[in-house]
Amino acid sequence: MVGMALACSLANMPLTNQLNVAIIDSNPALLSGACIKKEEPPDPRVSTVTPATIAFFKDVGAWKYVEQHRHAYFGKMQVWDYTGLGYTRYNARDVNKEVLGCVVENKVLHKSLLSCLQSAATQQKIYPFRLSSMTMQTSSSSTPHGSLARLDLSDGNSLHAKLVVGADGSKSRVKELAGISSTGWKYSQNAIICTIEHTEENQCAWQRFLPNGPIALLPIGDKFSNIVWTMNPEESSTRKSMSEVEFVKEINRALDDGYGPRPTSQQFGGKSPFSLLTTDTTISTNEGFEVPPKVTRLASERMVFPLSLNHANSYALKRDVLIGDAAHTVHPLAGQGVNMGFGDALSLAKVIAEGIAVGSEIGEVSLLRRYESERKPANLAMMAILDGFQKAYSVDFGPLNVLRAAAFQGAQYISPLKRSIISYASGEKRFPLFS
Amino acid sequence: MSSKHLLTRIRTLVRPGLQCPLFKNGCRNPSFLHELQTRDYSDVPQQIPAAPASNPLPVANSRSKSSLKPAEIKKFAAMAETWWDAEGPFKPLHVMNPTRLAFIRSTLCRHFGKDPLCARPFKGLKFVDVGCGGGILSEPLARMGATVTGIDAVKKNIKIAQLHADSDPVTSSIDYCCTTAEKLVEEQRKFDAVIALEVIEHVADPAEFCKSLSALTSSGGATLISTINRSMRAYATAIIMAEYVLHWLPRGTHQWSSFLTPEELVLILERASISVKEMAGFVYDPLTGQWSISDDISVNFIAYGTKNSE
Ligand SMILES: Cc1cc2nc3c(=O)[nH]c(=O)nc-3n(C[C@H](O)[C@H](O)[C@H](O)COP(=O)(O)OP(=O)(O)OC[C@H]3O[C@@H](n4cnc5c(N)ncnc54)[C@H](O)[C@@H]3O)c2cc1C
Ligand SMILES: C[S@@+](CC[C@H](N)C(=O)[O-])C[C@H]1O[C@@H](n2cnc3c(N)ncnc32)[C@H](O)[C@@H]1O
């Protein structure tokens with residue numbers, strides 16, 4: 001997905017659109033271009049794309065294809081927890097935005113990027129094969145391909161390239177072949193994802209913290225929503241195999257009527273513990289807690305994913321660079337994974353364009369490091385936030401709940417802080433626009 | 001003091017947009033001419049014995065037409081193997097490369113009326129890179145579409161440059177040749193752009209060298225020269241830092257007395273029929289390790305000029 005975004009971005013800039021781009025992906029869905037039927041319920045694999053990602057898609061000309069398919073903008077978000085001590089509502093208006101984000105099926109994002117690429121009159125070719133090995137030739141070798149990287153594909157052919165971009169996901173073969181090490185750990189937690197149906201359309205993103213992890217309910221258009229529910233592995237196997245009716249009951253308990261009371265706005269006697277710090281108490285403060293819509297039916301299979309965090313120790317070597325999940329894998333808690341990847345794609349495309357402008361060799365490590373130094377701090381910051389988030393909410397410490405609630409209340413009351421939380425989560429920060 | 005006029009002019013040069021009208025009258029300014037005559041760069045090179053240390057101007061040592069300075073040539077021959085080592089003695093040039101190329105790209109796109117958003121704007125133009133060394137500058141120019149001739153007085157450099165360029169079809173078309181600017185003049189070669197970066201401080205007679213560069217520039221063509229300023233700051237930065245503190249360059253790479261100030265460079269180019277249209281400085285930020293273009297020309301600077309039609 002992120003690799004396609006890079007290809008689109010390169011095809012879209014006059015400095016880079018003459019590059020000879022080969023896309024290698026063994027995933028058959030890439031070539032089939034299967035049409036997506038609107039009548040079918042949405043796929044459980046979805047992404048919450050941020051306004052920054054939407055802007056990027058619009059820029060490369062892919063967003064118009066997304067709009068032809070199912071997608072759901074949302075302008076409101078409510079986060080609360082099972083203790084009933086606090087809640088926060090985020091509103092797009094708080095940050096002078098139309099929307100906080102948009103939920104789109106991964107296959108729609110993928111297909112839109114593909115359509116965008118096919119409509120660009122540039123030289124890219126899709127190779128529907130697996131990458132089996134990769135060698136860097138030294139400059140002293142007297143082959144006609146000089147010091148290029150050589151890629152061997154599963155069909156027995158090989159390609160030569162000035163630059164290899166590893167956009168091959170969390171189990172990146174490119175990363176492995178390049179010998180790039182990474183740091184990471186697994187959480188002993190799994191996420192169940194699935195599509196569910198309501199009786200009416202959902203227009204808000206909901207997230208409730210439960211003793212064993214959060215459950216998120218994201219609108220995906222029509223009367224459907226997507227569930228990302230984090231829990232311990234035993235629970236996930238029970239919940240995956242239980243009957244659909246039972247499972248829907250469990251979801252409704254998790255979203256509303258189980259584990260604890262609904263929060264009220266007046267929990268701290270009408271005054272936030274942070275109220276002393278607050279100079280302007282504004283906007284959604286007055287918005288009361290809302291109850292998420294009831295789930296009536298399961299509309300897809302239940303998929304289980306283990307949660308893990310992984311970060312490549314280096315993003316760039318000579319002729320080799322990593323983007324997207326190949327460089328960093330995060331758990332789906334805040335729906336940031338793919339947005340971080342699109343941020344990488346934009347940054348790398350920009351760095352390549354700047355390099356071409358001054359006649360640099362695009363495989364030169366000094367050039368690629370500029371991409372690394374732009375993205376690594378941003379990605380690490382996001383990973384630290386997500387990891388901290390995960391740690392803070394995965395265990396049920398009594399006192400911590402109060403703090404957590406206070407934090408919610410604080411976020412609710414201190415609106416400049418809240419504004420910056422939203423703008424970070426919506427990918428606005430660290431997204432230097434191509435000038 | 002007449003040097004004031006010169007300074008005003010230099011200042012207008014580094015601020016594009018202001019430069020033009022002042023420029024044309026500036027060089028006809030009588031006091032400016034007077035200044036010219038009193039400088040050592042008169043048409044008849046003066047026989048000055050060993051320049052006293054306080055003499056701020058480099059001095060042409062003979063009437064000989066060769067730009068070669070044997071000691072300099074020996075120095076570069078000894079370093080030839082390290083041209084493409086990005087962490088080696090030529091590291092400053094590698095690091096500075098994107099910055100100076102950005103300047104070259106922007107001025108030459110304007111000069112030749114090319115689209116700056118195009119990947120190969122210099123297609124169809126003939127450039128010569130004088131003192132090309134290992135080809136650090138020639139290769140990017142070729143990738144930007146120019147038909148590049150790279151010349152250097154050191155044979156080893158040319159060999160290294162050729163070997164390196166051969167690994168890529170785009171750069172293997174560069175015509176590398178071990179020769180000097182004055183020899184190309186004898187062969188009556190002409191180029192759309194003549195570029196000599198970080199070379200003039202190593203040649204025997206900068207004024208003569210500029211005349212050769214001018215002779216190589218076709219009418220309506222462009223000339224670009226970069227060098228180090230002979231200011232106290234340049235002394236501190238370029239020599240002390242680069243040669244002694246950071247050990248980027250072997251000690252003795254630079255001889256302070258052979259540096260030119262921007263004023264002097266403008267003067268000698270003027271007298272070689274090249275009007276300097278723009279000047280910029282390169283400043284190094286030790287914290288980020290990056291160079292950037294600036295209007296501070298007190299350490300490293302680059303001048304872009306056009307050949308006056310004869
Ligand atoms: C349960 C779950 C929910 C998620 N929810 C969200 C969300 O709400 N929002 C969000 O932003 N992110 C979410 N993510 C993360 C998001 O899915 C990833 O960040 C995103 O898919 C990464 O894109 P990518 O292009 O880097 O990698 P991938 O999408 O994994 O693409 C890698 C591609 O490489 C190909 N490939 C791999 N190896 C080879 C090889 N050897 N040869 C040839 N091709 C190869 C594969 O076929 C694949 O097409 C979620 C992830 C999970 C697991
Ligand atoms: C500091 S290097 C600059 C290299 C290159 N122009 C760059 O900026 O990357 C100076 C080069 O000029 C060459 N040189 C010195 N005197 C010369 C002369 N008189 N004629 C041609 N080349 C000369 C040296 O051999 C050396 O390669």
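Any Cβ shown, glycine's included, is placed from N, Cα and C.
These features come from TrEMBL:
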BINDING   B:Arg100, B:Gly131, B:Asp152, B:Leu197  S-adenosyl-L-methionine binding site
BINDING   B:Glu198, B:Glu201, B:His202  Mg(2+) binding site
Candidates near ligand 2 among the binding-site residues B:Arg100, B:Gly131, B:Leu197, B:Glu201, B:His202, judged by a Cβ under 6 angstroms: B:Gly131, B:Leu197, B:His202
Euclidean distance between Cα atoms of B:Glu198 (Mg(2+) binding site) and B:Asp152 (S-adenosyl-L-methionine binding site), Å: 12
Of B:Asp152, B:Glu201 (the binding-site residues), the residue whose Cβ has the fewest other Cβ atoms within 10 Å: B:Glu201
Distance in Å spanning the most remote Cα pair of B:Arg100, B:Gly131, B:Asp152, B:Leu197, given for S-adenosyl-L-methionine: 19
Nonlocal residues around B:Glu198 (Mg(2+) binding site), in sequence order (Cβ under 8 Å, 6 or more apart): B:Leu93, B:Gly131, B:Ser226, B:Thr227, B:Ile228
Three-state secondary structure, B:Glu198 (Mg(2+) binding site) (per DSSP): coil
Assigned element (helix, strand, coil) containing B:Asp152 (S-adenosyl-L-methionine binding site), judged by DSSP: strand
Cβ neighbours of B:His202 (Mg(2+) binding site) where a neighbour is any other Cβ within 10 Å: 23
